[in-house]
Structures are given as C-alpha cells and as structure tokens.
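For reference, the structure discussed in these notes is given below.
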Amino acid sequence: MQLIEKAMLPTPWGNFLIFGFEEKKNGKNHVALVYGDIKTNTPTLSRVHSECLTGDAFFSLRCDCGSQLEMSMKRISQEGSGVLIYHRQEGRNIGLLNKIKAYALQDRGLDTVQANQKLGFSADERDFSLCADIFNILNIKKIRLLTNNPFKVQMLSDAGINIVERVPLIVKKNPKNAYYLKTKAEKMGHLLSE
C-alpha cells in the first residue's frame, strides 16, 4: 500500500483531508478521510467503512451502510479528530455485480448470508489487513473503532492494530433493512444494541 496524494475535502461536517492510497500488487485504490489532529497520544476515533455503492451513493434502504457512513463522519467531526478508511471491497468483497445478483436472490427469499453462499462466497470475503497498512502509513497506533462487527475487530487486531475500544455505531432500522440487520446479528455476530 502506498500513499499517492492528499487534498482538502469540505463536507457538511467540516473539512476533512482525503488521502488516496494504491495497493502495490494490483493498483486498487482506497481512501482515508482524516479530521483534525490525529498525531496525538490518545487513541484515534476510527471507522473502517467498506464500500457500498448502493447504500452510500444511491441511499438504498436495504442496508445500514449509508446511515453508518454519515453517522461516522458526524461522530468524528464532533470528536474533533479521527479517521475514516473507505475500504474498497464492495459487497463484503464479492464485487458490485455479484452484490446485485445477491440482491436478486434476496428478492426471492434468501437472506444476505444465504445469497452469498448460493453464489459460491462466504458470508464475508473482506480482507482488513489492507486497512492496517493505511493506519500504519498514517502513523496511527491506537484506535477506538466505530463498528458493530466483532469479525472486523478481530481481523484488525490480528493485523497488528491496537484497538483499545469498540465504539457502537447503532443506526435506526427501517422496514426494508430489518431482516438484513436481524441476519447480521444472528448469523454474523454483529452487535446491534448498545
């Protein structure tokens, strides 16, 4: 992983710096949004947010991704400093077209885990070690991680990131994502209550 460039990114929650990274092995791009001074000895409030075009850009109500992205940026801004890594592994790393296929299977009654498995994938194909590389490049040694996903905590810890606290990121359910969130809690171990 290498840092390519950084620039100012004004948002409704204040000015972030956007850092552009490139994987050396395949040229895939990732970004980190940094708010305030992260060069302190206190653990950095951090979010590793996996790419979700449908939720983040198209406001899909099928998932909680867009709401989590917005809430994370607000929380980091309110905190006064922090980092959000936008992890470019769409659809829990099955890719956009396979995610749309999984949606079609969900429309026919499968849950999100069953749909992934029907397509030949595990419930979660993501590799969080890339995010550890980004934290290291940004010289972030200790984090408070905004997540409901114990798998993410474990994978980042295994990659050498010192997570001193898991900070819940609870967003409101809606009728379109209630079954999805129930599946994430029951089958993937997500902690969806404080």
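Glycine is no exception: its Cβ is also placed from the backbone N, Cα and C atoms.
The record from Swiss-Prot ties Arg47, Val48, His49, Ser50, Glu51, Gln68, Glu90, Gly91, Arg92, Thr147, Lys152 to GTP, and of the options Thr11, Thr112 it ties Thr112 to that site too. Proximity note: of the listed recorded positions (Cys63, Asp124, Arg126), none has a CA within 10 Å of the CA of His49 (GTP binding site).
The Cα of Glu90 (GTP binding site) lies closest to that of Cys52, out of the recorded positions Cys52, Cys63, Cys65, Arg126. Of all Cβ atoms in the protein chains displayed, 22 besides its own lie within 10 Å of the Cβ of Thr147 (GTP binding site). Taking the mean position of the Cβ atoms of Cys52, Cys63, Cys65 as the Zn(2+) site, the remaining residues of that chain whose Cβ falls within 8 Å of it are Ser50, Thr54, Gly55, Asp56, Ser60, Arg62, Asp64, Gly66, Gln68, Leu69. In the structure as shown, the Cβ atom of Cys52 (Zn(2+) binding site) sits within 10 Å of 23 other Cβ atoms.
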